[in-house]
């Protein structure tokens, strides 16, 4: 093979790798609640996060219909099987499906229409923890918080009362648009 063909092959390989890496996203998921949450992501799996701990999640470009959420009051065995009071995903520590309500959702789709990323926080499946998205990408430095005491403000007839925990609202009227993910404590 001629030197030109080898050089051309490496050039195309470099461009393909560069474009692929440049389009991926990294989410820094941090627990700022005063209690343990079990962070979950589809795609991505799940993991226990004690107060102040974080989980770095790398997501492939072109990912669509993806979610990140917190699960609460979980118990898992050594094989990663168990259950959570909120946001459970089939009894697995490493989620392979979406969580069941109630759970606050961070939803995203990367490199979609016109190569744009779409990200939002939603209470459509209920509420279990407050969240924050903040961007750390070039040129965008917005921080938007949803730290209201939704449980305290929710009418009693819309609450689900679960054992060993405060009541959780089962639905919310709006979605808030945000950009990195933090589970927050309500103070």
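Using N, Cα and C of the backbone, Cβ positions are placed for all residues, glycine too.
For 1-24, the entry in TrEMBL reads signal peptide.
Per TrEMBL, the feature disulfide bond maps to 74-84 (among others).
Taking the Cβ of residue 89 (disulfide bond) as centre and 10 Å as the limit, one finds 25 other Cβ atoms among all the protein chains shown. If you look up TrEMBL, you'll see 89-95 (among others) marked as disulfide bond.
Applying an 8 A CB threshold to same-chain residues 6+ apart, the list for residue 95 (disulfide bond) reads 40, 41, 42, 44, 45, 46, 89.
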